[in-house]
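Annotated features, as they stand in Swiss-Prot:
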- Cys37-Cys40: disulfide bond (DISULFID)
- 2-113: domain 'Thioredoxin' (DOMAIN)
Amino acid sequence: MTDSEKSATIKVTDASFATDVLSSNKPVLVDFWATWCGPCKMVAPVLEEIATERATDLTVAKLDVDTNPETARNFQVVSIPTLILFKDGQPVKRIVGAKGKAALLRELSDVVPNLN
């Protein structure tokens, strides 16, 4: 991605997690990932699509577990990619492993209406 391209996802860190995720008015899907993780790279474009298409219903955030180990540890993330959906500051759904767009939307739709 070049500097001129704007990502639809937001980058969160250990320092910004409480503000960007836990205090959000919208549900936030956090992608716990790492630069060296092949499956993480496969799911990244799917998450960008969801972030763009469902921006009114959902925020998609990315947290690099190598540079932000505290948050990953706090939520017991042991495998990546792990996606955790937060609603009203609480984790309400955990999805481990790379999944396609339709499967992700289906899994999230029971918590976030309007995703199907």
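Every residue, even glycine, has its Cβ placed from backbone N, Cα and C.
With DSSP states grouped into helix (H, G, I), strand (E, B) and coil, the domain 'Thioredoxin' (2-113) comes out at 37 helix, 27 strand, 48 coil. Other Cβ atoms within 10 Å of the Cβ of Cys37 (disulfide bond) number 19 in total over all chains. The average per-residue pLDDT of the prediction over the domain 'Thioredoxin' (2-113) is 93, rounded to a whole number.
Sequence-distant neighbours of Cys40 (disulfide bond) (same chain, 6+ apart, CB under 8 A from its CB) are Asp31, Trp33, Ala34, Ile80, Pro81, Ala98.
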